[in-house]
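Q: Here it is, the structure, as structure tokens.
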């Protein structure tokens with residue numbers, strides 16, 4: 001047994017806590033990954049606030065998928081231009097995802113997250129005047145907004161790692177991830193109402209202000225350094241430059257590439273859903289903005305449920321030793337990949353035009369589409385207990401760096417595919433091609449994860 005005694009920040013006071021670990025576990029991974037007996041009771045407050053900022057992050061991001069319909073009419077945008085507007089966000093998002101993990105490892109993750117919230121909130125407020133000036137200013141503002149949001153999830157990975165005991169991390173990550181789906185739901189419900197009553201510009205102003213409200217709660221409630229990291233800061237300090245990181249070791253690791261494949265595929269399906277789902281209902285079933293947005297809420301609600309079920313199920317299987325951590329991750333990843341693939345292929349091969357030719361009423365076609373998209377996103381949520389929790393299994397100090405790198409890949413893949421969807425629709429008007437491509441990515445990434453992934457420690 002290993003006895004660890006360490007000082008933990010608790011507001012302005014000092015307190016002592018004790019952890020008893022198996023010696024091999026303590027020496028290989030350190031006290032950071034140990035189940036703690038006296039851990040600060042405010043870990044759930046941190047998780048709740050991370051979930052709240054994930055909601056705001058998603059609201060600001062998803063708003064454009066609703067606003068693009070009336071803005072497209074106002075400014076005369078084609079589907080290709082709409083796709084480019086949505087993709088601009090992901091370009092900035094990719095850059096800071098890549099570096100955000102390094103910042104979170106080298107500096108206080110609380111401060112890095114706060115700066116990110118300020119940046120994306122400011123550029124959300126600047127979206128209406130930028131759109132009025134033209135496409136180039138709008139692209140720049142959307143990319144800068146993406147720069148701010150890009151640090152959010154790598155930084156929150158570091159926060160969860162530093163505040164939450166190991167046996168509660170899967171469910172805590174699921175709470176954080178599901179905040180993003182809740183934000184999508186809120187945005188899709190509120191945005192049409194705000195647009196109808198006050199206009200598109202007011203919607204962006206309201207959403208931009210929400211980040212500053214969250215900061216007013218976050219700053220006084222959370223200490224600068226997470227308590228579980230207090231005595232685990234590496235010596236020498238974590239690298240502050242990209243060139244100081246062990247990229248050779250990272251890029252030669254097969255588990256990393258399995259995570260990269262799964263995260264990139266997740267980025268493709270997630271960004272496509274955010275950017276194009278209201279447009280899908282509008283183009284295929286001639287629904288207006290409010291109806292399209294309302295139906296787009298249901299898949300995100302289902303995904304929030306699937307995400308939380310996945311996290312709790314993962315912790316249950318691992319803590320009860322019913323499955324090893326590696327087998328648990330693989331099981332949930334297969335469910336979260338094969339499920340969406342099957343639903344999307346069914347949707348592609350039973351497209352509305354084919355159903356109409358068979359005499360299927362349009363209402364029945366719409367119901368089928370809604371059910372399949374709801375199931376697609378519900379299954380996708382199970383990936384929270386799969387690849388999305390594996391970064392923390394295989395690394396301690398490097399967890400946020402790994403997540404930032406794979407999330408950057410997800411943003412880049414999502415950005416490219418969102419733009420490609422617009423091109424495909426302009427040229428073919430076929431959603432079936434879009435769904436088939438996504439399904440193929442899902443099945444391929446699932447196979448890669450099953451073959452190459454593990455939850456055994458790989459990095460510091």
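From the backbone N, Cα and C atoms, a Cβ is placed for every residue, glycine too.
Please treat TrEMBL annotations as automatic predictions, because they have not gone through curation.
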Q: Tell me which of 15-31, 66-82, 202-218 corresponds to the transmembrane segment entry in TrEMBL.
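A: Here TrEMBL associates transmembrane segment with the stretch 202-218.
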Q: Could you pull the average pLDDT for the domain 'Major facilitator superfamily (MFS) profile' (46-457)?
A: 87
Q: Are there residues at least six beyond either end of the transmembrane segment (401-425) with Cβ under 8 Å to its Cβ atoms? List them, or say none.
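A: Long-range Cβ neighbours of the transmembrane segment (401-425): 78-84, 86-87, 89-91, 93-95, 97-102, 104-105, 146, 150, 153-154, 157, 245, 250, 256, 259-260, 263-268, 270-272, 275-276, 283, 391, 394-395, 431, 433-434, 437, 459.
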Q: Should the transmembrane segment (255-277) and the transmembrane segment (431-453) be scored as in contact, given a threshold of at least 3 Cβ pairs under 8 Å and pairs 6 or more apart?
A: yes
Q: How about the transmembrane segment (42-59) and the transmembrane segment (174-196): do they have 3 or more C-beta pairs under 8 A, pairs 6 or more apart in sequence?
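A: Contact between the transmembrane segment (42-59) and the transmembrane segment (174-196): present.
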Q: The transmembrane segment (174-196) vs the transmembrane segment (129-153): three or more C-beta pairs under 8 Å (separation of 6 or more)?
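A: Counting Cβ pairs under 8 Å, fewer than 3, so no.
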Q: Please report, as numbers and ranges, the same-chain residues at least 6 past the borders of the transmembrane segment (297-318) whose CB is under 8 Å from any CB of it.
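A: The answer is 167-175, 177-178, 181-182, 184-185, 188-189, 273, 277, 324-325, 328-329, 331-332, 336, 370, 373-386, 389.
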Q: So what's near the transmembrane segment (369-389) in sequence-distant terms, Cβ-Cβ under 8 Å and 6+ beyond its ends?
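A: Same-chain residues near the transmembrane segment (369-389) but 6 or more away: 169-170, 173-174, 177-178, 181, 258-259, 262-263, 266, 269-270, 273, 277, 280-281, 284-285, 295, 298-300, 302-311, 313-314, 328-340, 343-344, 346-347, 352, 449, 453.
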